[in-house]
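The transmembrane segment feature in Swiss-Prot is assigned to 76-96, 113-133, 252-272, 283-303, 308-328, 400-420. As annotated by Swiss-Prot, N-linked glycosylation site applies to N174, N393, N438, with the evidence given as sequence analysis. Here Swiss-Prot flags 175-209, 441-486 as region 'Disordered'. Under the heading compositional bias 'Low complexity', Swiss-Prot lists 179-189. If you look up Swiss-Prot, you'll see 446-466 marked as compositional bias 'Basic and acidic residues'.
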Amino acid sequence: MSATGNKVFAPAIFFIAAREALEASLVIGILSGMLENLVVHTKSAEDLAAHDSLTESEKHEVEQKKRALVRKLRKIVLLGALTGLLIAFAIGAAFLAVFYTQVNDLYGKAEELWEGIFNLVAVLLITPMSLAILRAGNSKRKWKRKLENAFSHQNIQPNHRRDEEGEATVVNANHSDDSASASSSSARQAAEEEAGTKTTRTEKLNPLEAVDVVPSMSGDQRRKRGGLRGLFSKPSGAVNDLKLRMNRGTLALFTIPLITTLREGLEGVVFIGGVSLGLPATSIPLPAIVGLAVGLGIGFLIFRSGNLVSVRIFLVFSTCFLLLIASGMASRSVYYLQFYAYVQLVGDSAAESGDGPGSYNSQGYIWHFNCCNPEANKGGTGWGILNSLVGWNNTATYGSVFMYIGYWFAVAGYLWYQIWSEGRLALRFGGKTYWESNRSIQARQRKQEKAHQRQLREADQEEHGHSSNSDKQQHPSEAGPSTLSH
């Protein structure tokens, strides 16, 4: 039985894998939601006008094509995420294979020393990781803001190339852009008929015309195109215009989840590698796989239910559990370093002498039980689990106990400092505030000021909108229809 975890399931690895999977699933979920909004719910004024003139069957056909496009774009997102995950898995497997094949001999020569060092390294990795989990609830807003910035400049933009090219052949070049945009719909239809490029009503609302992910090229050029088009093309006889091409929009849909899952995967490899330094190799795969499944499942539930309350409960529970594990590791690290110094004095036989006299240093200990030994080959399984979870040991030294208490004081002090620095240190109960710090008062005032300024901007925009509409009614556009070339 290992001192830092049993031989099958290491709890620390489970929570680390779950946290990284949750972060990656949030990105994938946000991207999927953005695709739904960009393709299905976003309509221009022209699209809305044309939508009213469609029959029910035509509207249904348009919606079906939009849904098909969203499904194809989601395949690109999943492909990028899986690619990044596979790369991270390959790097992690190579790292663990090298460690467990090359370092075992060095580890066996000074087991107690390495146990103390590995536990200390694990504490330094788990503690910031567990505290970061408390902020995972804000990851949805953070990644939504990042992805909106990524798509803010012509990633998936309205595209009416064929309409514009059709008009370009019939609109006189001497007319300005203003007069061209002010041309009447009847003149536009006449121009399309003359050029032979008239579009149907459903084509105006075709999502593939409204989203810049469809190739605008000849049949020979489409056959020469490679990339992702072949991966997601439907067989002959299906909707041919659902073939995608790799432009800025589709490239972002592929690279953002790839980079995100690769980064989260490599981060998980670093943390899991550090925590597992003192663990047997058999205790790593199962908690890592289960943690990934739990993290992805929680990310899925966030976007299906929209309720973050249960997720916050899980995050707080995970943080408390990881801190409990880390506190036990901190205590064990001091104990193993002290025990290594004792072994150097009396010889290696002290480590194999069982629970009685000679198995521990008779000076500097607080308690010792001749039972309940987590290292015992027989009857120590239950105590070994407690050793993995809370750091139980049948021998307690002053150093190990003081380290355990000091660890919790340090964590509590850090959390109190963070609450104070963020302006959230206040005493509230039953909806009433009985006391709050000066920083909390300043933060509340800044928030109220921002809300007031936002209301003023919205009122100003609404007023400008009403004034512009009234101006249009009083002064209709004087631009006449576009002059057609003969």
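Backbone N, Cα and C atoms are what each Cβ position is placed from, and that goes for glycine too.
Note: the stretches the transmembrane segment (252-272) and the transmembrane segment (76-96) are in contact (3+ CB pairs below 8 A, sequence gap of 6 or more). Packing around N438 (N-linked glycosylation site) is summarised by its Cβ count: 10 other Cβ atoms lie within 10 angstroms of its Cβ, all protein chains included. Sequence-distant neighbours of N393 (N-linked glycosylation site): residues of the same chain at least 6 apart with a C-beta under 8 Å from its C-beta are S331, R332, Y335, P374, N387, S400. DSSP states for the compositional bias 'Basic and acidic residues' (446-466), grouped as helix (H, G, I), strand (E, B) and coil, give 21 helix, 0 strand, 0 coil. Remote same-chain residues near the transmembrane segment (400-420) are listed as 123, 127, 131, 323, 326-328, 330-335, 338, 366, 391, 393, 437, 439 (criterion: CB distance under 8 Å, separation of at least six residues from the stretch ends).
Secondary structure at N393 (N-linked glycosylation site), as computed by DSSP, is coil.
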